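TrEMBL has this to say about the protein:
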{"type": "ACT_SITE", "residues": "D30", "note": "active site, nucleophile"}
{"type": "BINDING", "residues": "D30, D32, D251", "note": "Mg(2+) binding site"}
{"type": "ACT_SITE", "residues": "D32", "note": "active site, proton donor"}
{"type": "BINDING", "residues": "K225", "note": "substrate binding site"}
Amino acid sequence: MTARMPIDLVNLSDGEFKEFVGKFDVFFCDCDGVLWSFRTPFPGGCESINALKTIGKRVYLVTNNSQTNREEMLQKCEKIGYKISIDDILTSTYVAAHYLKQTGFDKTLYVIGPEQLGKDLDEVGIKHIGIGPDVIEGGLYEHILKRYKLDEDVGAVMISFDRHFSYIKLCKAVNYLKNENIKYYATNADNCFDMPQFNFLLPEVGCFIKAIEAATKRTPEILSKPTTHICNVIAEDAPPFDPSRALVIGDTLSSDMAFGKNAGYATLFVETGVSKMEEIKEIVEKINTGDEDEELKKLVPDYCVSSLDEFYKKFSKIF
Ligand SMILES: [Mg+2]
């Protein structure tokens, strides 16, 4: 097994760049670290997406961030100037809700997650409990004896970002999951959300997953990138497309680039977020010195560009 470094779009001639864009009909663009960082839009992000749409490309904004839903994302995008519709946005909460609908889930879902996930579940008619604050009143044992109750109709636990994450929620999730017939899902499994502007790391869903795993030894089925459930959700209400003519644009090797490879799409790495070119170099070296791990190869992008600003500079010269 060998690997090569990604092709840097900046080194392509105008003709080669035009050919590159012409290879793809559908673009899946990650958001945090590619289009913006928290509330700060990156130069060239909005311009690139609008320009691709103007020349007739289908563009989806795909985020693992479970703190937002499609309506909120659309509002944010419209404020910045994106010319997109709600159907162009795929959040991990939306994908999770549609996955359950597609699999015919008809029991109650115990959710550790945000209000936004509740709305997405309501829209597809999935019964759910658990959203909102759940705190211990009085002593722990007194609370457990008097108020703690497991719902017998619960058929699955779903974990997502929850600003109300609490000890009693952890107790409930662990005790539901003691039963191996109860399924276990996560909207996403990101460990941290980095807010460099504030020098602050926000612990994410991955931390809750580890807490539950410590007690149950169970790990959830993850429904967002790098898994390909998103593809089935799109297939539900959009025209089919040739996977070899789709491109994933992202900043994180383990989620965006791996998602692209899992789905059979090409990948473009943008160096404005989580992963760095140095990591790609190390992975390529590892593969070329005999590491046979197939998962490692999925992390190596086909193409790279330092930022969407660079991408747009090149694009606007030609189109
Ligand atoms: Mg990202």
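Here the Cβ of each residue, glycine as well, is placed from N, Cα and C on the backbone.
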According to DSSP, which of helix, strand or coil covers D32 (Mg(2+) binding site)? strand
Taking ligand 1 as the reference, state which of the recorded positions D30, D32, K225, D251 have a Cβ closer than 6 Å to one of its atoms. D30, D32, D251
If you count Cβ atoms within 10 Å of the Cβ of D251 (Mg(2+) binding site), leaving out that atom itself, what do you get? 23
Quick one: among the recorded positions D30, D32, K225, which has the most Cβ atoms sitting within 10 Å of its own Cβ? K225
Could you give the Cα-Cα distance between K225 (substrate binding site) and D251 (Mg(2+) binding site), in whole Å? 12
Take the mean position of the Cβ atoms of D30, D32, D251, the recorded Mg(2+) site. Which other residues of that chain put their Cβ within 8 Å of it? C31, G33, V34, L35, T63, G250, T252, D256, V270, G273, V274
When DSSP is mapped onto helix/strand/coil, what comes out for K225 (substrate binding site)? coil
Rounded to a whole angstrom, what is the C-alpha distance between D30 (active site, nucleophile) and D251 (Mg(2+) binding site)? 7
According to DSSP, does D251 (Mg(2+) binding site) fall in a helix, a strand, or coil? coil
